[in-house]
Every structure is written in structure tokens, then in C-alpha cells.
Amino acid sequence: MLFSSLTTIAILLLGTEARYIKRSDGLTIRSRYPVAKQALNDIVAGPVTLPLKKIKSRNSALYSFVTVPNGTTVSIDALKGGTEFSAQVVLGDSTVELLVDTGSSDTWAVQTGFTCTDFQTGMPISEAVCGFGPVYTPSSAFKRIPNETFSIEYGDHETAKGVFGTEQVTVGGITVDQQIAVVTDAKWSGDRVTSGLIGLAYPALTEAFSRNRTRTPYDPIFTSMFKAKLISNNYFSLIIERNTSGPAGYLSFGGVPPIAFTQNFTATPIIITTIPGYPKAVDFYTINIDRMQVNGKPIPSSGGSAIEYIIDSGTTLNYIPSAVARAINAAYEPPAKYNAAGEAYVVACNATPPALSVDIGGTAFPINPLDMIMQMTNDTCVSTWNDGGPSVSRDLYILGDAFMKNVVSLFDVGAASMRFAGREF
């Protein structure tokens, strides 16, 4: 996952990953295997547990409102003008907002009395300046896991450290006994809303370590829900809305949100990450795409088996191969220009984006022009298609929120498959 910072031109997309493996833009990442496979025959929709904003259906047989029961849907909130997304989670007796991240696996929150350090100066700062939301107080049912610690360093050098324990965790009415990380020490710059993070990736990305620093993977919250038979289908889905005046999106466990979308899902396998330095196992929601097309023309080396992308709700922008980023950004009118200091393509706020599609599993998913430019300040905008490093470097690339706003993303853990359905354009 990558967090975003509006204090600089670059959106610093920091990973809440497990192991500290650096990529060219400072992302840290991690790895492992999927839960037991299960074939997916029917995709069902879940009842809404929080109020949903009704969306008008397009006059097409492919668009409708889904009301089939089964699954639980949670609304998510937008932070920082829609650049981060959170869900309300109950940890024991504490209700907190946690960032929703499909690019990592740990669920964690800061504890009452935590200490904080400014991640830029290294100087101690108060809880208020640190910028977390309400703190978590362990309940009487909390059970500390001895000799097991939690430690993450993010790409912008933010860190979170603490201990592990089991606690009752409730999301969207589903309650599960879950291993969580309790953060006691942080080097952070928060949004004053969220208290931590809820990770939805594979067990391999969990950040638990024994006393001798041996990794001790455990079941993340979604895995725990399915194993406890609290959801009947081994998949979850995520919708990120463009208009954040209402709910910023929906997270549905065991189903899909009852929102208008193209019901013909396209599937593509979740693959084993083969980037050097990563374990040869399924870890992220990593996929291959067919290609990207700009103004109807395929972009060379944008897809195929040699280029790996992760689907990451914790990343605001898309991080793509350098040559592909140059091709897309050159097609803006006027063209977007790369700013090395800001590590972003700066573009005129009134620029006209090119027609762009991401082709997956034989289906082209067009990108709405509204998701092609992000405004940082009153007069500074950046392209959402950023340089993720040259393809020859074998980097792991990211399709983040700017892509995910255009699709329903279904994370089919049971079938080791990502499924996408187009949204109304």
C-alpha cells in the first residue's frame, strides 16, 4: 500500500507491507501464498449494513442494481480530498477509522499512550502533532501474544512498531477473534482521522516477528472471517467512488456491493510474484494485463507476462513502466512534464487527458478523464500515471485508486483470481 501526502508535489505512496524491500520510488513490499482455492461459480451481492447512496442505472441490460443476498457491505470514507480511503472498525471497545489497504495484510492501530517521532526531523512530537485519529484502548478480552513484535518501515521513512495480541474485531457487523498489531511507537505524519490500517492481502505480507526476528505469518482478517465460516464466499470486493460527497466507496465481504455496474466480470489469474528479491509465492494481488492503449493505439511493453502489476487500494496513483508513463503523459494536451524533485508528472489543471484504456483478460477498461488528473493545490496538478521505474529493472508496478475508480474490483482469493467489471463511464 502507498499512503499519500499533499504537502509535496509527489504523492508519496508508502507501503504497509511486510518485509522491507525497496523499489525505485521508495515502495516497500512483501510476499506469500493464497488460502485454499475454491471455484467461483456465481458472484453474489450482499445486504447493505450501512446506508448506501443510490446510483441511477444506465439504460442497458448490462447495468442494474444487484440485490441478491449473501455478504456484508461496508461504506468507506474519503480522506484528504479523496486520496485515501477508510472504513469504520470496532477493536474491542474502541471504534476507529482504519485505512483500507489491499496491498498489505496487518490490521493495526495506535494504542493509548503511544509515543511519536517526526518522520522528517527525528524529534519527539506530541500525539496531536503526530496526527492519528482516536487511539485504541485494548479491551479486557485482549490477549497479548508473548515474544512477538510488529515493525514496519514505509517508503517515506514513516514507521510503526508495537506488539501483537488477539482482540474481537468488528467490521460491517461481522465480528471475529483476530490477531492485531498494537502500535506503541510511531514515526508518522497522520491525517487526524485514521488510527491505523486494515490490511486485506495474503498471510505472507503480515509483519509478525519472533524474538530472534524470524517471520511468523498469521491469518489476516479476511482469511480469519472465511475460516470461521462468517462469510460463505472466499472473496471480497471493493468499489471506490469518484464523487465523495456521499460514501467514498464500498467494501463487501463475500459478495459485491449493490451498486450499478457492468455485471460481466472479466477474470485474470493472481500470479506468483517473480520480481527478483521477492519470495516465489503468491503475496500481493499481482496480475498481468494485456496492454494499455492511448488514443486507440497499444503502448509497447505496457503489458504481457514480463510486466507485473499489483491492485492496491492503498496507493493513490498508478505506478507504471517509465516508457509507458512517458507515452501516456506526452499525450495530454498540453503534455504533462516530469518533475524530478517532486517525482511526479506535473500537468496543467485544465489539460485534456488522452483516451486511455487498461486491457485485462481480453476486455478494455476505459479510464474516465476525471481520474487522469489530480489537483494538489489551487494551481498545481499531477497526472495519475506516474513513473514506476524502467521495465528492464523488473520493478513491481501498481494500479491504484485512480484505476480502481473505473471498475468493480473482486478479489477472488478462493479461485486465485482477480475479477473486474466496468463502472458507468
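Even glycines carry a Cβ here, placed using N, Cα and C.
According to TrEMBL, the protein has these features:
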SIGNAL    1-18  signal peptide
DOMAIN    85-421  domain 'Peptidase A1'
ACT_SITE  Asp101  active site
ACT_SITE  Asp312  active site
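Note on the active-site residues Asp101, Asp312: the fewest other CB atoms within 10 A surround the CB of Asp101. According to its DSSP assignment, Asp101 (active site) is in a strand.
Cα separation, Asp101 (active site) to Asp312 (active site), rounded: 7 Å. Model confidence over the domain 'Peptidase A1' (85-421) stands at 92, taken as the mean pLDDT rounded to a whole number.
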